[in-house]
Amino acid sequence: MYTLLKKTGKVRRGRFETVHGTIETPVFMNVGTLAAIKGAVSSMDLKEINCQVELSNTYHLSLRPGDDVVKKLGGLHKFMNWDRPILTDSGGFQVFSLAEIRKIKEEGVYFNSHIDGRKIFMGPEESMKIQSNLASTIAMAFDECVENPSPREYVERSVERTTRWLVRCKEELDRLNSLPDTINKKQMLFGINQGGVYDDIRIEHAKTIAKMDLDGYAIGGLAVGETHEEMYRIIDAVVPHLPQDKPIYLMGVGTPSNILEAVSRGVDFFDCVLPARNGRHGHVFTKHGKINLRNEKFELDASPIDEGCQCPTCKHYSRAYIRHLFKAKEMLAMRLCVLHNLYFYNTLMEDIRNAIDADCFEEFKNEKLKAWAGKA
């Protein structure tokens, strides 16, 4: 259940109660595609850096180790030793972005695995079954994520099919939640708004899915080729037409600046591979913007990544040491940077919540954007 604790303009401060614990919003979900954060970050590490929600991938876990294996081992929470909320995406984005030789039909999608080429079928029912086997806290509806830009006629047909798929997802998850051998009988379902860069299609779709009794609503199909200005315009168009008593999730976004802009437009949930991916390449976030620790200028820099940061990395290691680790190709370099970046994001969200509580979010946002000046 979502409780709107405070609203100032469009900015929302909320609390989302789940079977696996309470989520304070706005929140950033830390992406562990295969039930682990790339960069040797464990579930215990995630707790230390104040992660509220972990996000795992339905498509990838269905291939390795297999959702049936995870179910036999007690579900994703037991499998990865994590007792806080987990959101699993539906697999739709990966099917449409990674898989080869796709055939989209009303029943679902036929495609070849990006790992071994074997033929696979996934539709709404299959996606729900996999997510039920994984026993995540929140399941995402199976949808088609179209590229931006795509022809209007195709987007209209795709959105209509995505709506029909959502109805099937809800019916199937309701059925699965009632079965005696289901691990998480209180698994939640979020629907996904699509429509490419066409505001009117987006709005109509938002109105349609808002009539369904879902646990939350996501805005999908962004950060896939459109400009930041287009993304913000679409958020502005869609959010007013989604239920205001449910969480709103902007999928796959984004930079710290993107997050601040989206929070100011009424978004509650975020996820992105960016902080971990950047960290693995030595790009780290600071209060003054992003820096590249591989640069020679950090060779003798004994200061932490970000002065005043309380993450495990900044409390114990210097920029010079981490640069040395990258140059020596030591795996520890990636781990230390990923830990820092995820802590930076999680702390940013905590600071955002505190700013909303203190009625100073707009000042906080402007101060951050000015300090980063396009560098975050």
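In case you wondered, yes, glycine gets a Cβ from its N, Cα and C as well.
Here Swiss-Prot flags Asp89, Ser90, Gly91, Gly92, Phe93, Asp143, Gln194, Gly221 as substrate binding site, drawing on sequence analysis. In the three-state DSSP scheme, Ser90 (substrate binding site) is classed as coil.
Among the features that Swiss-Prot reports, active site, proton acceptor is placed at Asp89, with the record citing sequence analysis. Listed in sequence order, the residues of the same chain lying 6 or more apart from Asp89 (substrate binding site) and placing their CB within less than 8 Å of its CB are Leu55, Asn57, Thr58, Tyr59, Met140, Met251.
The feature region 'RNA binding' is assigned by Swiss-Prot to 252-258 (among others). On the 0 to 100 pLDDT scale, the region 'RNA binding' (252-258) averages 96 in the predicted structure.
The active site, nucleophile feature in Swiss-Prot is assigned to Asp271; the stated evidence is sequence analysis. Of all Cβ atoms in the shown protein chains, 22 besides its own fall within 10 Å of the Cβ of Asp271 (active site, nucleophile).
Marked as region 'RNA binding' by Swiss-Prot on the basis of sequence analysis: 276-280 (among others). Panel annotation: around the region 'RNA binding' (276-280), residues 30-31, 37-39, 41, 290, 334, 337-342 of the same chain, lying at least six beyond its termini, place a Cβ under 8 Å from a Cβ of the stretch.
All protein chains considered, the CB of His340 (Zn(2+) binding site) has 27 other CB atoms within 10 Å. Among the features that Swiss-Prot reports, Zn(2+) binding site is placed at Cys309, Cys311, Cys314, His340, with the record citing sequence analysis.
Put simply, Asp271 is the one of the recorded positions Asp271, Cys309, Cys314, His340 whose Cα lies nearest to the Cα of Gly91 (substrate binding site).
In terms of C-alpha distance, the listed recorded positions Asp143, Gln194, Asp271 place Asp271 closest to His340 (Zn(2+) binding site). All protein chains shown were included, and the count of other CB atoms within 10 Å of the CB of Cys314 (Zn(2+) binding site) stands at 23.
Distances between the Cα of Gly221 (substrate binding site) and those of the recorded positions Asp271, Cys311, Cys314 are shortest for Asp271. Sorting the binding-site residues Cys309, Cys311 by the number of other Cβ atoms within 10 Å puts Cys311 first. Checking Cα-Cα distances from Phe93 (substrate binding site) against the recorded positions (Asp271, Cys309, Cys311, Cys314) with a 10 Å cut-off leaves nothing; none qualify. Straight-line distance linking the Cα atoms of Cys314 (Zn(2+) binding site) and Asp143 (substrate binding site), rounded to a whole number, equals 40 Å.
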